[in-house]
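Feature list (source: TrEMBL):
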COMPBIAS  B:1-10  compositional bias 'Basic and acidic residues'
COMPBIAS  B:26-35  compositional bias 'Acidic residues'
COMPBIAS  B:78-89  compositional bias 'Basic and acidic residues'
DOMAIN    B:142-264  domain 'FUZ/MON1/HPS1 first Longin'
DOMAIN    B:303-400  domain 'FUZ/MON1/HPS1 second Longin'
DOMAIN    B:431-531  domain 'FUZ/MON1/HPS1 third Longin'
REGION    B:1-36  region 'Disordered'
REGION    B:76-102  region 'Disordered'
C-alpha cells in the first residue's frame, strides 16, 4: 500500500535504473520496508513516497526491460538523483549502465541529476569472481557527475550493497539526501529520534552523524 | 469496427430455429424471451463465438487495424504535445482475396507425415535435453509455439523455445509451403493431436493439443495470445521492428512478459469467460455498485481518462468509461490477466503502458494500477491517454479510496468475495448441478460456485470439458445449433442459444427432457430476478 495522506509535492525525486533483474526492487524494498523480500518483475514503474526529515522524497522504482524504455522520459524528468544499479556478478549489467541508462538520464535531466552507481548482490559475490573493479566503478562514478564538487562529499558516488543483508542500502539514500537535501543539525537529530520511535536520552545532542565509510 | 459488428448482430432478424434432432419435438416448450434493448451497455456487445467468425480470425488483417482511437482522444483534448501513439496508415478493411479452402487430401496426408515424423518421433531419436524437458515434454496436453515469419522462435509454452529451433523450422516450412500455393494453413489432425495455425503478419502461432478444444476454440485462444503480445508491444511497433529487421529476435522485446502468456494460457484452461467472450461480475446489490461507480465519477473527472475499472478476484466490480468509448471483453480479459499474473502491483502504485488491441492496436494507454485495500483484493486501474498524468490520477485514487472506505464500498466488495458467489441450490432447482449463463448484449456471464461432485481438480476439468463440448457443438461453423440436449454417461447437458442469451446447463444423468426444460425456464426466471445483482446493467460514464 502506498503511504497515505501526503499531499505536498515531493521535494526530491529519486529514480532507480538498471538492467532487468539486477535487484532494483529488492533494493528499494529494503530501504522502504526495512526488510528483504523476493519480488516479482516490476511492470512499468512503481511509485513510493518517503519522509526525510521535513522533506518528501519520491522514489520511482522502474522496470529494466527494454520494452518499457518509452516510459523513461516520464520518470526521469526533473529527477534530482538517479541510482544506477548493476549486478556485481554480471559484467554486462555495468556495461548497459554506460551504454543505455546513463545517456538516458543525461538526456532527460539535462545533466542536473546526481548519479550514484550502485553495485548490488554483494552477498553473492564470491572471492575472485569480481568483474568490475572498485577503482573502475569509482572512476566512472566521478566521470558521470562532472558538475559535482567532490570536496563536499565523503567519497565517490559509488556503493557496493546487499539488499539481502542490508549492507549499504540506507547509506545510499542518506548519501543522496545529504547531497541533495542537506538537513540542519536540529532536523537531523529530530529525525533520528523519530526514526527510532523513542527519545534518545543517552546520546549527546552534539552528536556527529558520521557513518561508516560507505563501500570502500 | 467492432461496434458496428455488434449492432449488425443485434439487427439480424430472429432466424428460424435449427434444433438438434434430439430436441425437435420439445422445442415448443422453450419460451424464447423477446430480445431486450440494451441502451447503455458496459462492454461492447461481444462477438459471440460464431460472430467472431472463424474466417475473420484466420484472416491476417483481422486484428491489425490500428484504429487510432487514442490519437482521436488526444486530439480532442486539444493537447497534442504528448501524443502517445504514432499514426499509422489504416489498412483497407478485410481482405478476402485469400483462399481458405481446405487442404487437399493428398497434401494433408503428406504434411501429416512430416509433422508426425518430427513430433511423434520415437523418444530415443530426440535427445532428452534437446527440449529442456525430455520426454515429459512430449506428454504435455497442450503446446503453444510462437515464431516469427522468418522462423525464429519467440515462445514455447513448454520447454525452452531456443532448444526448439528445429520444430519452429518445420512449422514455418509448413506454413510457407501452403501459402506459396496461395492457400493458408488452418489445422491438421494427426491421431489424438490437433495442430492449429494462426498466421499473422509477422508472427505465426501454433497450438498442438490433445485436449478437448475444437479447432475454433484453439484459434480463439491463439488470437488471445496474439493480442497479449500486442498489448505489450502495440501493433505499430511490432510492424516497425520487423520492417527494420525481418529476422529480429522478438524475445528481446518480450523479455519479462512471457509470464503473461503463461498465465493467460493457464487461465484459458479453466476459466470459461474466454471462450464465452464475456466477463464475470462480482455479485453486488445494485445500489452498492452504483455508489462505487459514483465515487469514481465524482473523483476522477480528469481529462484524458478513458476507463476506470475496479476488479476483485478476476471479477468486474465496476467500469466507468468515457462516453464515446467502449471496452471490448477481449481487452478487459487482457487487463484481468495483467493484474492476475503480477504480484508487483501489490507493493506500490504502478504506472505502466498497456495496449488494448481491440480499442486501439496502434498505441499505448497509460495505466495507473493500485490496490485499494490492505489485503490487496480490490484492484483499481485508471487508463489514460496522457503519459504525464500519474500524479493527477494518484490524487484521484486517494479520494476514491477515502470515499469507498467512508461509504463501505470496500467492505461490500470484500463481503461479496467472502461469500463465495452463490450456490446452485439458491436457484431452487433440483438436479441442476451447474450452469453458465451469458447475456449476449451485455457481454457478461454468471455461474454458480462449483459444488459436489465437481470438487476435485479432475472433476472440474471434466466439467470444463463438458462445457467445451457443448459450446463447440452449438457454435460449430459447419452446423450451428440453437438448442442441444445431450444425455451423457454421468450428466445430461442442455445448451440453448437465443438472441439474448447463451445458456449451458448441467443436470444429473437421470433427468427427463421434460423436467430439464421446466428447470431451464425456472432458472431463467431466477436469473431475471437476480439480474441487478449479478450483472452490470447500466454503464457509468464520465
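Cβ coordinates come from backbone N, Cα and C, glycine included.
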Averaged pLDDT score, the domain 'FUZ/MON1/HPS1 first Longin' (B:142-264): 92
Counts of helix, strand and coil residues, the domain 'FUZ/MON1/HPS1 second Longin' (B:303-400), according to DSSP: 31 helix, 37 strand, 30 coil
For the domain 'FUZ/MON1/HPS1 first Longin' (B:142-264), residues assigned helix / strand / coil by DSSP: 60 helix, 30 strand, 33 coil
